[in-house]
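Asker: Quick one: the structure is below, questions incoming.
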Amino acid sequence: MSDVKRSLLDMSPGGKTDDADEETDDHIESNETFAEFCTRQAQNVVHFLVEDWFLSALLGIITAVLSVGMDVAIEVLQHAHVTFYDKMLAISTYLAFSQWVAHIVILTMFSAIFCQIVSKQAVGSGIPEVKVIMHGFKMENYLTTRTLVAKMVGLTLAMGGGLPIGKEGPFVHMGAIVATLLSKITSACQYSAFFSNEGREMEMLSSGCAVGIACTFSAPIGAVLYAIESTSKYFAVKNYWRGFLAATCSAIVFRCANFFVTAEQSGTITAFYQTRFPTDCFLVEELPIFLLLGFISGLMGSLFIFIHRQISIFRSKNRVYKLIFRNNFLAFTVFMAFVVGVLTFPNGLGRYFAGRLTFRETMADFFNNCTWATNDSRRCPDSILTHWTGGTEGDVSIFTSLVLYYILYFVLVAICISINVPAGVFVPSFIIGAAGGRLMGETMVVLFPEGMRGPGGPPIHPGLYAVVGAAAYTGAVTHTLSVSVIICELTGQLSPILPVLIAMLMGNAVCKFLQPSIYESIIRVKKYPYLPDLPPSRVSVHTVKVEQLMVTDVIYITKDMTYREMKDILQLAPHLRSFPIVTDHENKILLGSVAKRYLTMLLRRHVLVNQQDSRNIGRITPAEIFNTIRRTSMRLSRRSPSRRSNSSQTRENSIPETARSDAQSTNDQVEFVSERTISGNTLLSISPLHCPNNIPLQAVFTRPSSADLSKAETNADILLNRNIDLDEIAIDAAPFQLVLGSSLYKVHTLFSLLGLSHAYVTDCGKLVGVVGLKELRDAMANIYVRGAVAPVKPDRKLTSGTYLDMSQMHRDKLQSNPPMTPPANGHSISMESPKFGNSLTVPPMAL
């Protein structure tokens with residue numbers, strides 16, 4: 001209270017001077033006893049530990065516990081798959097084939113059904129959705145407890161069944177969900193505004209993404225860097241330590257569980273592949289080979305992304321596919337599980353590429369320091385060669401096995417990560433890249449059996465090529481460089497860091513030039529409201545200007561506009577949620593922007609309420625209007641959906657029945673004044689109107705006096721023909737503006753950095769257009785093929801004056817030919833809305 005009193009004194013005209021304030025502070029501090037001082041400092045320490053350290057550590061511990069439990073279940077299912085196959089093989093080959101395929105099909109089917117019933121949002125990787133959420137777009141039900149449960153059960157069944165998918169992407173999503181749930185739990189602590197900060201939620205989300213990688217690879221440093229690269233465009237360095245703390249706690253719990261809970265041969269538990277390369281594991285002469293491996297990995301990575309996108313488009317548009325599978329979520333998933341089972345059957349085609357092995361066992365073989373192609377002392381043991389030479393017969397070449405493995409999993413992974421089960425792409429990409437690197441390494445051994453320097457020189461290590469290939473291919477597919485750090489933590493050695501960096505930088509550069517990352521490709525396929533990154537080395541992003549992108553015919557509000565004109569704009573522009581305000585039709589000097597919800601309330605207050613009073617139909621007082629809107633605002637300000645629904649029901653029960661019926665009749669008669677329009681707000685993120693929940697409507701509008709209400713006109717035409725009163729509109733006087741001549745590169749940077757969704761374009765203060773995310777996405781639709789191209793603008797003539805002329809023509813037609821449906825508000829309007837302006841709306845799937 002003393003702080004409040006001092007602030008009020010500072011704001012008052014007769015407040016004290018600085019010297020007086022210092023005397024007051026000294027006086028207040030002198031009155032504080034030593035016990036009170038110790039109590040206050042103890043509270044500060046407790047709050048600091050709870051708000052930062054405890055929550056970050058708890059996030060890492062909870063996610064690691066979930067990871068350990070899932071890994072144990074996955075290992076049990078995978079072990080049961082092989083064990084029952086061996087028992088059935090002793091009886092009959094056909095029985096073994098049936099058991100092998102049925103295990104994959106049944107568990108995959110249960111995974112898809114469970115996700116469909118519990119939460120459809122659990123399907124897929126989850127990283128694309130987290131990217132969209134962290135860039136300011138709300139996606140419903142993606143960060144809920146139901147999605148967490150569906151993700152855990154679905155991923156366990158799918159991986160335990162034997163699908164060629166990974167768990168890193170789903171675990172990133174799970175870490176973000178755990179972080180969100182912790183934020184919701186701590187939001188009940190109202191003693192500090194720290195928990196209710198929107199920036200705090202983004203910090204927790206970023207930490208949750210880092211934990212998802214740390215608890216699967218036990219690589220806390222690489223996990224934090226990978227989370228930043230894969231989910232954030234701009235990251236605040238001050239949040240580094242939270243991510244590192246959470247990732248470290250997660251890695252500690254994971255290692256402890258690995259030591260105490262599981263055995264040494266524990267399948268997916270040991271996500272740590274220790275290699276033993278010597279210090280001089282490569283020569284300078286091999287660096288061009290590593291560069292070539294990175295170049296090939298970049299080409300194959302871009303081809304993988306292209307194939308995956310074409311498969312997704314084919315499934316959504318091809319008529320033959322729809323005729324066969326009929327858009328059933330289960331049919332194609334079960335079909336692909338059956339295909340995987342048939343191809344990986346160990347006694348069938350799987351004999352030629354180690355179809356019996358899991359990803360973890362395959363990774364251990366690829367990273368092994370021995371060689372497969374020679375018969376000298378460095379030859380691998382028979383236990384490893386049996387997997388890759390066709391069994392005990394050994395009649396299959398290792399090159400045939402590696403090529404077949406690379407091709408089959410290249411195609412299978414591209415398809416399986418798009419079916420209706422939780423699936424990640426990180427580990428499959430790791431395996432594919434390691435197979436390609438091992439293939440090149442074994443080729444180098446055949447070409448240089450004594451090493452590149454001849455007898456007595458260092459030998460060639462094919463396992464090193466596998467490590468380099470895995471890093472280069474994964475970095476190319478995901479467009480990340482932190483994979484090099486993950487590789488070092490994964491293998492426990494720093495000796496391969498130089499070849500890894502060389503190959504990965506080359507692969508990343510090639511793939512970035514040709515294709516977006518796999519996550520951005522999925523975002524484009526699903527049409528999420530996300531502004532993609534600009535690819536490097538595109539001159540067109542600097543030559544395309546904002547005047548080529550903007551919408552020139554802007555719907556705007558003028559100072560001398562009447563309520564009738566404003567009502568027509570609100571009725572025939574339902575998709576616009578904010579409007580610019582200009583001086584007049586001729587000069588069009590931009591004064592600011594106003595949210596649609598405030599225009600709706602202004603119209604309802606000055607026109608519609610008086611009409612209802614004059615007709616004695618559904619009488620409602622201004623106090624009841626503001627109470628209804630205040631209840632709506634308070635209900636929307638609740639964070640928890642369950643609390644929101646409970647509080648709304650309680651408030652509705654407390655409202656008198658007459659008031660509820662009157663409000664309902666008013667909403668029925670006024671079509672455009674609905675819950676959707678009332679809750680709408682401006683899309684400009686830096687605007688104070690962007691978060692109307694923090695600004696009660698009662699503080700924005702002034703309650704009309706009884707004298708004003710008694711003097712209100714009752715004639716509808718007179719009411720509608722009055723000029724709007726801009727003094728009572730909450731205007732954002734500083735909307736974000738761009739000037740003519742701004743390049744696409746600058747516009748993209750500003751939108752990405754500030755989180756904008758639209759900006760007005762002005763020329764010496766005159767409003768000349770508006771540009772939004774839709775225009776930017778359209779300009780970048782084919783940027784990898786043709787570069788940035790200005791989108792073709794439709795022929796639309798919808799300036800404010802033309803728009804009102806059109807609405808007047810519609811009214812004239814309706815007066816001569818009344819519509820079949822009753823007109824809203826007693827006035828004839830056109831039931832067909834024209835298409836015009838900048839949509840600035842979010843697709844339905846992203847809401």
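Backbone N, Cα and C atoms are what each Cβ position is placed from, and that goes for glycine too.
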Asker: Which one of these stretches, 148-165, 544-561, shows up in TrEMBL as transmembrane segment?
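Answerer: When 148-165, 544-561 are checked in TrEMBL, transmembrane segment belongs to 148-165.
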Asker: Name the range, of those listed as 148-165, 205-228, 463-487, 493-514, that has the largest tally of Cβ pairs under 8 Å with the transmembrane segment (328-349).
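Answerer: That would be 148-165.
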Asker: Per the 3+ Cβ pairs under 8 Å rule, pairs at least 6 apart in sequence, do the transmembrane segment (53-74) and the transmembrane segment (205-228) touch?
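Answerer: These two stretches do touch.
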Asker: Pairs of Cβ atoms less than 8 Å apart decide it: which stretch in 205-228, 240-261, 406-434, 463-487, 493-514 has the most with the transmembrane segment (287-307)?
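Answerer: Per the Cβ under 8 Å count, 493-514.
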Asker: The transmembrane segment (205-228): which same-chain residues, six or more beyond its ends, come within Cβ distance under 8 Å?
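Answerer: Tertiary neighbours of the transmembrane segment (205-228) are 56, 59-60, 63-64, 66-68, 127, 130, 133-134, 167-168, 170-180, 235, 239-240, 242-248, 250-251, 253-255, 258, 271-272, 480-483, 485-490.
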Asker: For the transmembrane segment (94-119) and the transmembrane segment (406-434), decide whether they are in contact, meaning at least 3 CB pairs lie under 8 A, counting pairs 6 or more apart in sequence.
Answerer: yes
